[in-house]
Amino acid sequence: MIKQRTLKTPVKATGVGLHSGVKVEMTLRPAAPDSGIVFRRVDLEPPAELKADPYLVTDTRLCSMLESGAAKVSTVEHLMSALAGLGIDNLLVDLTGPEIPIMDGSSAPFVFLLQSAGIVEQNAAKRYVRITRPIEVRDGDKWARFVPHHGFKIEFTIDFKHPVFDKSGKTVTIDFADTAYTKEVARARTFGFMHEVEYLRNQGLALGGSLDNAIVMDEYRVLNQDGLRYDDEFVKHKVLDAIGDLYLLGHPIIGAFEAYKSGHALNNALLRELLQHREAWEFVSFEHDEDVPSAFLRLHPLAA
């Protein structure tokens with residue numbers, strides 16, 4: 001059968017929160033089958049646990065924040081994206097602060113950390129959510145939807161009025177049956193504009209942001225000395241975010257995700273809409289490799 005996965009050994013990283021600017025130590029630990037992804041605020045007394053769950057997402061200004069009682073964990077989407085990309089089902093994430101460290105603004109450092117710790121299979125069947133009917137949410141001209149598809153595919157379009165975006169791709173279609181997440185998506189960094197920085201900081205956001213962990217643009221160009229990592233890095237980062245936001249469902253999705261100008265709020269609204277329509281999805285597990293959509297066999301090679 002296709003089995004659930006966790007880490008072989010614990011692994012640690014330290015960094016600053018993109019929005020809080022606070023230094024945080026994060027420890028990723030193996031977890032039991034069927035426990036899902038659980039964040040633990042070990043700096044609180046008593047320590048607070050927050051499970052990856054679409055209904056715990058409260059603040060979606062520029063990131064996805066989980067909140068339960070007095071405990072919050074923000075900017076979970078890049079780590080969640082790496083976990084989805086590597087097919088990790090169960091994990092404990094111990095944090096000494098309110099935010100996942102931003103690292104370099106992409107999910108590549110998390111992919112490296114997870115692969116360094118080693119990934120192991122567990123004696124329990126992996127449960128997928130298979131989309132059986134289209135589900136869509138809209139907000140003005142923005143929209144996001146799931147449609148049935150035997151695999152995992154994302155089509156995303158962004159629309160920013162800025163000279164840099166005219167040169168970069170605005171639409172990307174990624175079918176994971178023939179594309180590796182770690183190679184084509186994981187290195188895409190978060191991005192922002194100089195003119196927004198002052199406003200964001202007054203709102204208590206982006207306090208840890210810098211050219212080391214984001215693509216920053218003025219009115220005309222990218223300010224980072226090394227330029228872009230992919231020609232279409234902006235829209236690929238939106239794909240990276242979406243993969244992380246959607247993995248808050250707690251299961252890999254068999255289906256296609258299509259979006260126009262979607263962000264954390266709409267991604268979360270789509271998950272909640274899906275859960276409201278029990279007839280639009282089903283749980284599936286696979287006894288044999290040959291029954292699994294090739295997107296998932298390719299997405300999740302087991303580390304040696």
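Each Cβ is built from the backbone N, Cα and C atoms, and glycine gets one as well.
Binding site for Zn(2+) per Swiss-Prot: His237, Asp241, plus His78 from the candidate set His78, His149. Cβ crowding, taken as the number of other Cβ atoms within 10 Å, peaks at His78 among the recorded positions His78, His237, His264. Rounded to a whole value, the Cα-Cα separation of His237 (Zn(2+) binding site) and His264 (active site, proton donor) is 12 Å.
Taking the C-alpha positions, the distance from His78 (Zn(2+) binding site) to His264 (active site, proton donor) comes to 12 Å.
In sequence order, Glu77, Ser81, Ser106, Ser107, Ala188, Arg189, Thr190, Lys238, Val239, Leu240, Gly244 are the same-chain residues whose CB sits within 8 A of the CB centroid of His78, His237, Asp241, the residues recorded for Zn(2+) being left out.
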